[in-house]
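Copied over from Swiss-Prot, here are the features:
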ZN_FING   12-29  zinc finger
BINDING   GLY97, ASP98, PRO99, GLY100, ILE101, GLY102, LYS103, SER104  ATP binding site
MOTIF     254-258  motif 'RadA KNRFG motif'
REGION    353-457  region 'Lon-protease-like'
Amino acid sequence: MAKAKRTTKFVCQSCGYESAKWMGKCPNCNEWNQMVEALEPSKKSRSAFNHTGEPSKATPITQIASEEEARVETNMPELNRVLGGGVVPGSMVLVGGDPGIGKSTLLLQVSAQLTLTNKKVLYISGEESIKQTKLRAERLQVSGDNLYVYAETNLEAVQETIDFVKPDFVVIDSIQTVYHPDVTSAAGSVSQVRECTAALMRIAKMQNIAIFIVGHVTKEGAIAGPRLLEHMVDTVLYFEGERHHAYRILRAVKNRFGSTNEMGIFEMRDIGLVEVANPSEVFLEERLEGASGSTVVASMEGTRPVLVEIQALVSPTMFGNAKRMATGIDYNKVSLIMAVLEKRVGLMLQNQDAYLKAAGGVKLDEPAVDLAVAVSVASSYRDKPTRSTDCFIGELGLTGEIRRVARIEQRVQEAAKLGFKRIFIPKNNEGTWKVPKDVQVVGVETIGEALKKALPD
């Protein structure tokens, strides 16, 4: 007997107006191109069920058993750190990134690593045949009897295969290629992505299966499709980096089961992605000693201190308005710091072009990088280099004061481990904590004092 086809409707994303057919302009709010297709909920789906498939009921929170479910470690410490200690069974993880950055490579390697823990993994590809996936696996030198590969884009066929294989983990590569047969729009459309993600989320919760889904990104770098996609999943990971460079950075921008401040570093090689155990050495290995405009900051990425080089190039402008550019550092932060240098130190920067960069493709957004940015700008402006063994840590206030930062001891220890002998920190961070041997800690109260000591006349 043929399966009854579920009816669809069109809903305005601006005001919620519903229509039986698509319209270019919503008659209720007069917005254009806001009508998207959605499935009419069946009578069965209107009943409330919990994640086990049983009827749901309200329960006092004091009567709910407090059980911390064990995470599954992936044998990839960098990924475990970003996920908060491992994969949570029943969770749904969205992995986004530019084309060719290595999303599929990462997940295929993760799948193989999970099979080493006697877990069954189903890798579903909507972009490659099973033979193509096998060729990629051979290049990456990954294999395993518990790694199942399936090439399909029909969501119902995917659900049947999951029920048959009964995996512990599922990878969907990618969500934009999967389609729901009851939705008439093309795969990758707003309605298809929403319905397919909702169905996969139900599978993850009801069967306690961890599901990784790959998401395409737009040219602006955001996950393609409705913003609802990122709201529905438990964790959103972004894989960043330049395709023409070897290093990749994995960040969590949403994580219901851990911190969103952690960062994992990988290096792309012929055999796939290799973890970088000490990223500070990587980011500093090509630093040119004795160059003006170059400073080093000890930045915290979650619980890990990372040393990053900050480069500044300040030169007289050839046009009426000075140009400002920043890569890896917030543009507004750069403008604020340069304004403080003009007002509190007297640097004439209004007729100077300024270009700043965090080396290695890292994005720095914490306040502790302010002092290093300010010193690098002043160093380039005066064409006077700092010592190659100097490190700068501190937040810069609008009145020119250097404000205290968190976890100063960890930052100083990381800098000392890599051979930095003189470390500038806020005066208020000086205390009873242990200073590493052969390291001079310089406490400064203002940016003027810091520049006098770092760039003496």
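Glycine is no exception: its Cβ is also placed from the backbone N, Cα and C atoms.
When Cβ atoms from all protein chains are considered, those within 10 Å of GLY100 (ATP binding site) total 9, not counting its own. Fewest Cβ neighbours within 10 Å among the binding-site residues GLY97, PRO99, GLY102: this applies to PRO99. Summed and averaged per residue, pLDDT over the region 'Lon-protease-like' (353-457) gives 94. Note: LYS103 (ATP binding site) has non-local neighbours VAL95, GLY96, GLY97, ASP173, SER174, VAL214, PHE239, i.e. same-chain residues 6+ apart with C-beta under 8 A of its own C-beta. Its Cβ taken as reference, ILE101 (ATP binding site) is surrounded by 20 other Cβ atoms within 10 Å in the chains shown. Every protein chain considered, the tally of other Cβ atoms within 10 Å of the Cβ of SER104 (ATP binding site) stands at 21.
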